Amino acid sequence: LLVLIFHRRKTTDMMGLTKLVLYLTVCGVYALSKPTEKKDRTFHEKELSDKAHDDSENFEYDHDAFLGAEEAKTFDQLTPEESKDRLGEIVDKIDEDKDGFVTEEELKQWIKFAQRRWTYEDVGRQWKGHDLDSDGLVSWEEYKNATYGSLLDDVDADDGYNYKQMMARDERRFKRADQNSDMFATKEEFTAFLHPEEYDHMKDIVVLETMEDIDKNGDGFIDLEEYIGDMYTADSDGHEPEWVKTEREQFTEFRDRNKDGKMDKDETKDWILPADYDHAEAESRHLVYESDENKDGKLTKEEIVKKYDLFVGSQATDFGEALVRHDEF
């Protein structure tokens, strides 16, 4: 395991830290964790902000949701006039069909973009190290050579895991992300490859990779002991923490829905990719409700800018001129 991590870190500049973390998480490499520490494979949608959502107190939650937490901080440094000007520019981008209105769906997609900006920034960093011929595409050959190179002959004899196996999994995932099957990834396809849990058409790959990691007997299912063994490594006295007993009950009562003693693909998907509450959808409805003066179910730029305090706010300070503003705004 240590050899594997060392070699993966040698290629981190090309792969990016998130790629490394994704492997160590999704592939189930947990040997360095404490025996009593719970390992969680579930992908939950994150809250849009760590602030309380109470409009009677302030609009900080809405600012974080609409802009992303980091961008919201930049708007705190602007005058009201600057906030309104930049908000108007954002509205033009949200209105994708350019019909002069922002719908709940357009607003929801913008909020999801704002929340995933870190993902796109990570992809941007990795893109530079993989689009070797600068043609605006990353081919499978470019990715393979940049990521693995001479490591393909390196085998971890202790656990039988090697880079050829990792490359085969990457190639399968690359092909799923490559929606036109030309073995060249656009930036959007490359994003789906690096962050498959973010895309509906990639979620089956996340489930498949998870099952392959946990299914030790190779029968295509996850039984109770495999489920527990993936989360927990027993200590020397064999005493299980209380949470392990709870997880055994969770498996029997909820995970294994058909009560056959094991989880199939659909049951595994419900476990690791639960149908969470859609925070972005709820927030888009809230913003439209609070800003839609004529109650036609959609927003004009004027309606949004008029409620700029709800969307972006402004707390002007003396540091506004020193602010480094992102290109997209």
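Even glycines carry a Cβ here, placed using N, Cα and C.
Pulled from TrEMBL, these are the features on record:
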DOMAIN    82-117  domain 'EF-hand'
DOMAIN    118-153  domain 'EF-hand'
DOMAIN    165-200  domain 'EF-hand'
DOMAIN    202-237  domain 'EF-hand'
DOMAIN    279-314  domain 'EF-hand'
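Across the range of the domain 'EF-hand' (118-153), the DSSP-based residue counts are 26 helix, 2 strand, 8 coil.
Under DSSP, residues within the domain 'EF-hand' (165-200) fall into helix, strand and coil as 25 helix, 2 strand, 9 coil. Secondary structure of the domain 'EF-hand' (82-117) per DSSP, as helix, strand and coil residue counts: 26 helix, 1 strand, 9 coil. Across the domain 'EF-hand' (279-314), DSSP classifies residues as 23 helix, 1 strand, 12 coil.
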